[in-house]
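S.K.: Encoded as structure tokens, here's the structure I'll be asking about.
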Amino acid sequence: MHSFTSFALVAASLASVAQAHFQLQWPGARGAFVANDEVYFCGAHNNVTTNRTDFPLDGSGFVSIKSGHAPYTVGAIISLETDADAWEDFKNSSGGDQIAIAYRQVDNSGTYCVPFNPSSLNIAGIQDGANATIQVVYTGGDGNLYQCADVTFRTTVANLNSSVCTNSTGGDDHSHSSSVTGSTTASAPSTSQTANAAIPFDRWCCYHPWLCWYLRVSPVKTLKGLLLSLPYPCNAFQ
């Protein structure tokens, strides 16, 4: 019974971690959504899609995500490379991330939408007909998650309904409208480290002190070995 209780506690903790994910709603994401792959560059979709989304330069564009976790920090970086398939493609001339959308903290789960006007970035090459990749960077407190959207900039985009850029709260975000806002004072997560690096046990304890204490005093020492062997995305805090 003692072993079963210990296992149940670990399972519950890992289940809570699994809920920290998001899905890119618009523009269309590069490749199919796989929750476990979000810890990798572009959600493990390195190849640029041939089916790019037309993205307006007239200020009517937006980026919309759906989060299953709160609170979280989210922002976006951008590359104007035709085949953006590496972190270096999202760097500016100084070697820093080329920011498209400033990082902000959001306190509610559900749909979150940010108006985005690429023309306001003053980045050379942003013009009608140019290809680009927008990479959304998200962290729910346990590491970075990523999804990419390959776009082609257009002066205007017909039939784009910007009124769908709304926010909602809660797990069922189909009926709960809200004036959710994000603070743009959040610090930018690091995007330069290995996304699936194993987290040291002592750092894991920082996130789950109650469970860590239990494992230290529990006779079921094999659970600690199990946890140490798990690849755990914690690069945002290294």
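Using N, Cα and C of the backbone, Cβ positions are placed for all residues, glycine too.
Sharing the features that Swiss-Prot gives for it:
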| type | residues | note |
| --- | --- | --- |
| BINDING | HIS21, HIS69, ASP142 | Cu(2+) binding site |
| COMPBIAS | 177-191 | compositional bias 'Low complexity' |
| DISULFID | CYS42-CYS148 | disulfide bond |
| DISULFID | CYS113-CYS165 | disulfide bond |
| CARBOHYD | ASN47 | N-linked glycosylation site |
| CARBOHYD | ASN51 | N-linked glycosylation site |
| CARBOHYD | ASN92 | N-linked glycosylation site |
| CARBOHYD | ASN131 | N-linked glycosylation site |
| CARBOHYD | ASN161 | N-linked glycosylation site |
| CARBOHYD | ASN167 | N-linked glycosylation site |
| LIPID | ASN196 | GPI-anchor amidated asparagine |
| MOD_RES | HIS21 | methylhistidine |
| REGION | 168-191 | region 'Disordered' |
| SIGNAL | 1-20 | signal peptide |
S.K.: Going by DSSP, is ASN131 (N-linked glycosylation site) sitting in a helix, a strand, or coil?
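M.R.: For ASN131 (N-linked glycosylation site) - judged by DSSP and reduced to three states - the answer is strand.
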S.K.: Going by Cα-Cα distance, pick out whichever of the binding-site residues HIS21, HIS69, ASP142 is nearest to CYS148 (disulfide bond).
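M.R.: That would be HIS21, nearest by Cα distance.
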S.K.: By a simple count of other Cβ atoms within 10 Å, which of ASN51, ASN92, ASN167, the glycosylation sites in the record, is least packed?
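M.R.: Comparing Cβ neighbours within 10 Å for the glycosylation sites ASN51, ASN92, ASN167, ASN51 has the fewest.
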S.K.: Within its own chain, what residues at least 6 apart in sequence put their Cβ under 8 Å from the Cβ of ASN131 (N-linked glycosylation site), listed in sequence order?
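M.R.: Result: ARG52, LEU80, THR82, ASP150, VAL151, THR152, PHE153.
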S.K.: Where does HIS69 (Cu(2+) binding site) sit by DSSP, helix, strand or coil?
M.R.: coil
S.K.: What three-state class does DSSP give CYS42 (disulfide bond)?
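M.R.: For CYS42 (disulfide bond) - judged by DSSP and reduced to three states - the answer is helix.
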S.K.: At the Cα level, what's the spacing in Å between ASN47 (N-linked glycosylation site) and HIS21 (Cu(2+) binding site), rounded?
M.R.: 22
S.K.: Between HIS69 (Cu(2+) binding site) and ASN167 (N-linked glycosylation site), what C-alpha distance do you get in Å?
M.R.: 14
S.K.: Distance check, please: Cα of ASN92 (N-linked glycosylation site) against Cα of ASN167 (N-linked glycosylation site), rounded to an integer number of angstrom.
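M.R.: Just about 31 Å between their Cα atoms.
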S.K.: Other than its own, how many Cβ atoms are within 10 Å of the Cβ belonging to ASN161 (N-linked glycosylation site)?
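M.R.: Excluding its own Cβ, the number within 10 Å is 7.
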